[in-house]
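Annotation comment: Swiss-Prot describes Cys9, Cys10 as S-palmitoyl cysteine. Swiss-Prot lists 38-359 with the feature domain 'G-alpha'. Per Swiss-Prot, region 'G1 motif' is recorded for 41-54. As annotated by Swiss-Prot, GTP binding site applies to 46-53, 180-183, 274-277, Ala331. Taken from Swiss-Prot, the feature Mg(2+) binding site covers Ser53, Thr186, and the record attributes it to similarity to another entry. Marked as region 'G2 motif' by Swiss-Prot on the basis of sequence analysis: 178-186. The region 'G3 motif' annotation in Swiss-Prot covers 201-210. Among the features that Swiss-Prot reports, deamidated glutamine is placed at Gln209. The annotation region 'G4 motif' is assigned in Swiss-Prot to 270-277 on the grounds of sequence analysis. The feature region 'G5 motif' is assigned by Swiss-Prot to 329-334, with sequence analysis given as support.
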Amino acid sequence: MTLESMMACCLSDEVKESKRINAEIEKQLRRDKRDARRELKLLLLGTGESGKSTFIKQMRIIHGAGYSEEDKRGFTKLVYQNIFTAMQAMIRAMETLKILYKYEQNKANALLIREVDVEKVTTFEHQYVSAIKTLWEDPGIQECYDRRREYQLSDSAKYYLTDVDRIATLGYLPTQQDVLRVRVPTTGIIEYPFDLENIIFRMVDVGGQRSERRKWIHCFENVTSIMFLVALSEYDQVLVESDNENRMEESKALFRTIITYPWFQNSSVILFLNKKDLLEDKILYSHLVDYFPEFDGPQRDAQAAREFILKMFVDLNPDSDKIIYSHFTCATDTENIRFVFAAVKDTILQLNLKEYNLV
């Protein structure tokens, strides 16, 4: 074989390979285009601690693989850390609010717990378990807990602190509810894709604290639906970042901004009025009218309170043609979220029938 014929042969092989690669790329591009058409992007928005991360966890439980024993074990130290964080917040608040411990020994217990570096906590040693239990039973700490709207305390504090014995047992494995209740502030952007009826739902959770919000801008392209979470129980609370600003007013301001963004002109808006269980407890002793004087409904009435809050948010919508879909939720209740998201999924699919060739 001559050198020329060998080169021609090699060249034709290269051309064939190049054509094959090009064909593969074209095929992949067509596939990507088709998949993009069958992908719904759901953007979870809301202020800090409104329940967005819990909602994502529920999607993993309801529509994903859930949490294996190994996954749950990964939450163990976070549960311990949440317990220390909650007790430290109350110990600091005892001083600020000038509440006294009823039992003298709790001054020493408070000192012991206060000295713990929460981020280094990986175990739950007996001396700390004993100190936390004794502190939680102190009438002074209970009074401090009752005044929690005056400082920052996680919604899960009572859930964990009343169950310290179970959590302190040897070989403790967090339950699904323990996992749902764990509070870890979201920094950055978390995406959770799941497949439903041959459609990919890509749920995007972004940090709700003010410092996190400037990162949102990158998520604003091709959003099918905005899912905006409001914590119903925050009507009497102040912001983590500013202790003279009402959390619900901040949530309203953010919602107004979001629904008037030009990016979201074609996105449907679904409003989740979350933490309805906490509202039902709180409304019995903390009156909505004290924080929102325009409320003229009955006191201690959760139904009247939540309908008023819903109307406040819906009234922020300047576009009379745009429907705000709304649901009252409890993000830690799997069955409630299963039911609500089934309705949300149907709404989203109905609104996107033509575009996604679902008719």
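Quick reminder: no glycine exception, Cβ is built from N, Cα and C everywhere.
Asp277 (GTP binding site) counts 18 other C-beta atoms within 10 Å of its own C-beta, drawing on all protein chains shown. DSSP assigns Arg181 (GTP binding site) to a helix in the three-state reduction.
Comparing the Cα of Thr186 (Mg(2+) binding site) with the Cα of every entry in Gly46, Lys52, Asn274, these being the binding-site residues, the smallest distance points to Lys52. Note on the region 'G5 motif' (329-334): its mean pLDDT in the predicted model is 97. The number of other Cβ atoms within 10 Å of the Cβ belonging to Gly46 (GTP binding site), over all protein chains shown, comes to 24. Ranking the binding-site residues Lys52, Ser53, Arg181, Thr186 by C-beta neighbours within 10 Å puts Lys52 at the top. With DSSP classes pooled into helix, strand and coil, the tally for the region 'G5 motif' (329-334) is 1 helix, 0 strand, 5 coil.
Under the DSSP three-state reduction, Glu49 (GTP binding site) is assigned to coil, being neither helix nor strand.
On the backbone, the CA of Asn274 (GTP binding site) and the CA of Ser53 (Mg(2+) binding site) stand 12 Å apart. Cβ neighbour count for Asn274 (GTP binding site) (all protein chains, 10 Å cutoff from its Cβ): 27.
Across the structure, Asp277 (GTP binding site) and Ser53 (Mg(2+) binding site) are spaced 18 Å apart at their Cα atoms. Cα to Cα, Arg181 (GTP binding site) and Ser53 (Mg(2+) binding site) are separated by 10 Å.
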